[in-house]
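Novice: Please see the structure below; I have some questions.
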Amino acid sequence: MRSRAQMNHQENGASEGVQQGRKANFYIAPPGILLDIQKYFGLSDGKTGLLQTVFTLCYMLAAPIFGYLGDRYNRKIILGAGILFWSGVTLGSSFITESYYRIFVLSRGLVGIGTASYSTIAPTIIADLFEEGKRTTVLSIFYIFIPVGSGCGYMLAAGMAKSTGDWHWAFRVTPCMGGLALVLLILLVPPRIQRRTARHRALSISGTRRGADETPGVPRTAKTTWCQDVGSLAKNCSFVWSSLGLTAMAFVTGALGMWVPLFLYRAQLVQGIVPPCLQESCNSSNSLIFGGITVGTGIVGVIAGAEAARRLRKMYKKADPLICATSMFTSSLCLYTALMLAQTSILSTFIFIAFGELFLSVNWAVVTDILLYVVTPRRQSTAIALQILLSHLLGDAGSPYLIGAISNALQARGAPSFQSSFRSIQSSFAICAFVGAFGGAFFLLTSLYIEGDRREAERP
């Protein structure tokens, strides 16, 4: 028999491997070199936003497929194949020349497919590895790697472009992180994941007693069809409303990640702080600063959200959705303030953007934890996949392109100038603040149903 210390070591090692993959998964950050890409291919704001939209569309369309596979086949193999695929495509995209913009767009879509395999499967592996008491803590660590990976992507991309004078090198370094994630996945994640203790074997994530089909050592079989699973999830009001709240988060996050460095650059042009970008490698300071903000606020926000949820849910069962609602309303106010201050004070804009991102980050682990205790374990991979599909379909799949298209339309109404280009992106960006407020309302609606849905998920 293996000692408890050995089993804890394996759990921690597996968690490290999964988290490293999460970091690599979000390490692909064209927004960090957006100005260089826009100039290289000669793109308008609308076509520039299309790069992220294609990535996200392919990502969300592939997610339900991987959710279906993850509920039925070996999750470790699916993760490994996905990491290997997107790392290879990312490396290949670095050799595309300016004459082949459409192939570059296609490569972004293929990277999205590989990324979907990871984001769909990884949370369920963590759910299998850890009991309920540890799950929120481990999920919070896991979701820290969303902003950490994204922020590192900004800084790595901008740093590589600055040091080499060629933005293509940003895409050539990223696969190294993918390779590290693959090695850790192979070495640290057990090939067949099951509960390690008698209590683990008897209980699901939320305390539900497992059925025979979920007993370790017995092959898992689906007792219901995929359509039946979807129908059941559609009747779960907590799942539906929290997914819509996550959609609003994704809309805002996608727009911020794509456009903030360019928005700040145009604000600085209007103020006369920086000259127009006419050289091969554009000024990357905004991307470096924004990347640092994303890393810092992400770490603090995720930890703060998880700790607040852990403490408050002991006193109030509806604490989780109310934390998410409060964070969304506060984030929206901070982001709107940042937009209004951009033309007069870049420092104040950075400060309010930081607070806006901080309150957005509070929700990442909490929203996933809501899903894991209002949905039965047998449907969790499918639920995560559907949540990814919905949040990206109505969220960050369209927001980068929508912001760029509105900016193009507003610029077309007047004579070209630095002022008009800034005003157009500022006005289109304001949509994010209102979408964030809607997200807060969706989480308030979640709080009305969460107790009943949790009891339903815990039924034998």
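Placement of Cβ uses the backbone N, Cα and C atoms for every residue, glycine included.
Residues or ranges marked as domain 'Major facilitator superfamily (MFS) profile' by TrEMBL: 1-451. Here TrEMBL flags 50-70, 77-97, 103-126, 138-157, 169-189, 239-260, 288-309, 321-341, 347-372, 384-407, 427-450 as transmembrane segment.
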Novice: State the non-local partners of the transmembrane segment (384-407) in its own chain: residues 6+ outside its ends, Cβ under 8 Å from one of its Cβ atoms.
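Specialist: Distant Cβ neighbours of the transmembrane segment (384-407) are 44-53, 56-57, 59-61, 63-68, 70, 116, 119-120, 123-124, 230, 233, 239, 243-244, 246-255, 257-259, 368, 371, 421, 424-425, 427-429, 431-432, 435.
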Novice: Compare 50-70, 169-189, 288-309, 347-372, 427-450 by their Cβ pairs under 8 Å to the transmembrane segment (239-260) and return the stretch that comes out on top.
Specialist: 427-450
Novice: Where, among 50-70, 103-126, 288-309, 321-341, 347-372, do we find the most CB pairs under 8 A to the transmembrane segment (427-450)?
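Specialist: Against the transmembrane segment (427-450), the leading stretch is 321-341.
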